[in-house]
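Q: Below you will find the structure I want to go over with you.
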Amino acid sequence: MATLPLLRPCCFLPTPTLKTSLPRPTLFLPLKPKNGAVGARMSNTSPPPTERLISIAAYTLPFFNSLQYGRYLLAQYPKLAVVFDPIIPFLAFYRSIPYASFVAFFALYLGVVRNPTFPRYVRFNAMQAVTLDVLLVIPLLITRIFSPGRGPLIIWSNNAIFVFSILCFLYGVASCVLGRTPHLPFVADAASRQI
């Protein structure tokens, strides 16, 4: 039984002619993302210094809010506290402003993350910083609700939160200085869904 020529896939392709002056239409055109689109910076170009600086400044919010968890570790190791001495004036100024953490949180979220004029690199880093700051509030709420006192579990958990947040801060700042996009654990997936 012979197959009909119309049912073969090759019959749907245009037949080439030898004497045509019109170019053959291409079926697939390469997609070029517009500037500011999600995939616009897929090349090896690094972000400009202003974008890096804004991204670094975004990570200071969770850094300043995480220093309260380091009180047990810094009291136990006073030589480690010397590392944080240069930032004490900045921290004192930050804490002297009423509701500074609340204002900085919404300024970062509404002014940077939800602002489409900023590139995706800056908005992603700002969203990671905001998400990390929200995660740092959860242990504080738990200790205020249950008020467990000062036991070894509280000291150990505060030390772990402090070390984790400092490592996230250092990794985020180092990646932004190098022009790379940091992907923080537990934070990057949630931040990318919000952008």
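Any Cβ shown, glycine's included, is placed from N, Cα and C.
Marked as transmembrane segment by TrEMBL: 87-112, 124-147, 153-174.
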Q: Should anything in the same chain at least six residues away from the transmembrane segment (124-147) have a Cβ under 8 Å from its Cβ atoms, list it; otherwise answer none.
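A: Hits for the transmembrane segment (124-147): 54-55, 58-59, 61-62, 65-66, 68-69, 101, 105, 108-109, 112-113, 118, 154, 157-158, 161, 165, 168, 172, 176, 181-182, 184, 186-188, 190-192, 194-195.
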Q: Quickly jot the same-chain residues contacting the transmembrane segment (153-174) by Cβ under 8 Å, restricted to those at least six beyond its ends, or write none.
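A: For the transmembrane segment (153-174), the sequence-distant neighbours (Cβ-Cβ under 8 Å, at least 6 residues beyond its ends) are 55-56, 59, 62-63, 66-67, 69-73, 125, 128-129, 132, 136, 139, 143, 182, 184-185, 187.
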